[in-house]
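What TrEMBL annotates here:
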BINDING   B:ALA36, B:LEU65, B:LEU101, B:TRP393  FAD binding site
BINDING   B:GLN173, B:GLY174, B:ASN175, B:VAL176, B:ARG217, B:ARG218, B:GLU229, B:GLY400  NADP(+) binding site
DOMAIN    B:27-201  domain 'FAD/NAD(P)-binding'
Amino acid sequence: MLNLNSRRLARAAISIAKHFSTRNYYTSMCRAGYSRTTPNHYDCLQPSFQQSSLFNLYKGAMFKKHNFLSTTTSNNTAEDGSEEIETISVTFVDKDGEEKLIKVPIGMSMLEAAHENDIELEGACEGSLACSTCHVIVMDVEYYNKLEDPTDEENDMLDLAFGLCETSRLGCQVIATRELDGVRLALPAATRNFAVDGYVPKPH
Amino acid sequence: MLKRRIFQSRRWLCRSFSSIIHSEPVRVCVVGSGPAGCYTAEKMLKASQQAQVDIIDRLPTPFGLVRSGVAPDHPETKIVVNQFSRVAQHERCSFFGNVTLGSNVSLAELRKLYHVVVLAYGAESDRSLGIPGENLKGILSAREFVWWYNGHPDGRNLDPDLKSIDTAVILGQGNVALDVARILLRPTTELATTDIASHALSTLEESSIRVVYLVGRRGPAQAACTAKELREVLGIKNLDVSIQESDLHLTPTDEEELKSNRIHRRIFELLSKAATSRPIHAGLNQRQLRFVFFRKPDSFQESKDSTGHVSGVLFEKTVLKGVGPGKQIAVGTGEFEDLKCGMVLKSIGYKSVPVDGLPFDHKKGIVPNDKGRVLSDTSDTAVLEEGLYVCGWLKRGPTGIVATNLYCAEETVCISPFSIHIIPITVKLTEVANHTVFMFASEFLKLSLS
């Protein structure tokens, strides 16, 4: 019994650490801008997303200690009493109709959450608003309306998304909030629609 | 009870037997390491534990147009190389640079060495206009210019002369045309912090180009660019953008087209806003971008000093004519006008290059294929070429973005090798195995139960 709880604690600690490390990665990507940290493109390749999360964990611990401690909420909606992060339930429905229910910490983007739960959501530009591969369809209009309107930049990328619908959003721009608890997100079917011409199929 | 035991043991034996059968690796060669090649390799590796993928590229460095086509001031678009690097680092994947299909190795040799060959080498040539004067000096394809500023090995000797001219004409209004215009007009202090090739940066720093024309055959409702790129070019510092308001007049067909097409509608709105909101105050040395619509290039004019250099372009004015639902083409009106310039950049589309032994559709500029499976020719009686597939621009033509190849690769991989090659072989073997196992298991169980 004791073993089980300590294992759960360890798992929870790791997921918290991962959550903050990946969040730092995204924030630094979006705010600082890629170009300032990029050396000559031909000289070296950027560290991969997963590899740098450890580095950012270290960086996060060094420079943002206050973040690490202060954003933990005291409200506990998780069944497991040892977890300190508030999470919401999100269901991903893949193109074959298979559903996967996951817990997403508040403040995490749907793209990050998908990657952490091995859901096949592409993220070619890793959340920089430079592609449309993390396109998700919000299945219920009520949840879609709870989201903030997409920015011009997001709309520019949505223009190019395949299987675009009225309730389409980019997964990297949908951030988990309390009011999104229970949201269902569909992964668009890979259609043979290769023309970048704004063809909009009917939502399904 | 006996039947269930036989079934269970048969299933267990079959699984272990078939894992021996399946351990024969399926060797796949992907020609080209751009988005099409890398996405194909990734999906192949995921689709089968037996796939061993070799990616070859004629350059020593991978990633194709992500490295040599994406503009240097668009680094976010290049982030996808992280994903592609992980694919190449996969234990069942290898990358071989500096291997050219057609000279270092032939297609026939590859087809002998590998179970499956996927051609994803894109389009490295240009469509030509076929009008007089196309060979004059100072007329370049946008593709060569992009290679030059991106440091592509084949572009390093381009050496465009930007010092003795003040006007450039770009034919085409797609994203490549906008990229080229932006690189010519952007303040070089901003370009200096990007990964633009240093030889290009020093040439651009000495550039005397002040006016760039972006010329399209049709109107603003048909412009082929996308919103992000247009917004970016309209927002360049100290740039005076001019669009003639008369060009913004929409025909009823235009309005129909815009209603059903989100991309074109947003482009049109951006262009309309730019036309009406920019006050024209040409400050000293201020750079200008002029959008010109409804002009078809008729011929190139040679400079009077007979150096063989271009000095201008003669255009024929056009009007739109409907040729089908939602499709209008430009037809000449017989009225002409010219634009004086010192450089012309043709951005009218790329074209693929065929190799020996590869069926090719010269009209469409692609390899004839059925959802990625190569066909022997372009006729109705064409047969499928075994073990040969295409993906990317070589399959669909030179359109689309990086992500377009994601779906293209999925189609090619799904339709392909693993459903064609492995199943027939393994079905036969597993049938035999099944039968053998069943006989063995039933005998064994009969003995043990008796």
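Backbone N, Cα and C define each Cβ position, glycine as well.
Heads up, TrEMBL stuff is auto-annotated, nobody curated it.
This view paints the features noted in TrEMBL onto the structure.
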residue: B:ALA36; record: FAD binding site; DSSP (3 states): helix
residue: B:LEU65; record: FAD binding site; DSSP (3 states): helix
residue: B:LEU101; record: FAD binding site; DSSP (3 states): strand
residue: B:GLN173; record: NADP(+) binding site; DSSP (3 states): coil
residue: B:ARG218; record: NADP(+) binding site; DSSP (3 states): coil
residue: B:GLU229; record: NADP(+) binding site; DSSP (3 states): helix
residue: B:GLY400; record: NADP(+) binding site; DSSP (3 states): coil
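B:TRP393 (FAD binding site) and B:ASN175 (NADP(+) binding site) are 16 Å apart (CA-CA, integer value). The binding-site residues shown are B:ALA36, B:LEU101, B:TRP393; of these, the one with its CA atom nearest the CA of B:ARG217 (NADP(+) binding site) is B:TRP393. Note: the CA-CA distance between B:GLY400 (NADP(+) binding site) and B:LEU101 (FAD binding site) rounds to 24 Å. Of B:LEU65, B:LEU101, B:VAL176, B:ARG218, B:GLU229, listed as binding-site residues, none is near chain A by the criterion of a Cβ under 8 Å from one of its Cβ atoms.
B:VAL176 (NADP(+) binding site) sits 12 Å from B:LEU65 (FAD binding site), counting Cα to Cα. Cβ neighbour count for B:GLY174 (NADP(+) binding site): 19 (other Cβ atoms within 10 Å of its Cβ, all protein chains included). Spread of the FAD binding residues is 18 Å (greatest Cα-Cα distance among B:ALA36, B:LEU65, B:LEU101, B:TRP393).
Of all Cα pairs drawn from B:GLN173, B:GLY174, B:ASN175, B:VAL176, B:ARG217, B:ARG218, B:GLU229, B:GLY400, which the record names as binding NADP(+), the longest spans 20 Å. Of all the binding-site residues given, namely B:GLN173, B:ARG217, the one with the smallest number of surrounding CB atoms inside 10 A is B:ARG217.
If you measure from the Cα atom of B:GLY174 (NADP(+) binding site) to that of B:LEU65 (FAD binding site), you get 16 Å. You'll find the Cα of B:LEU65 (FAD binding site) roughly 17 Å from the Cα of B:GLU229 (NADP(+) binding site).
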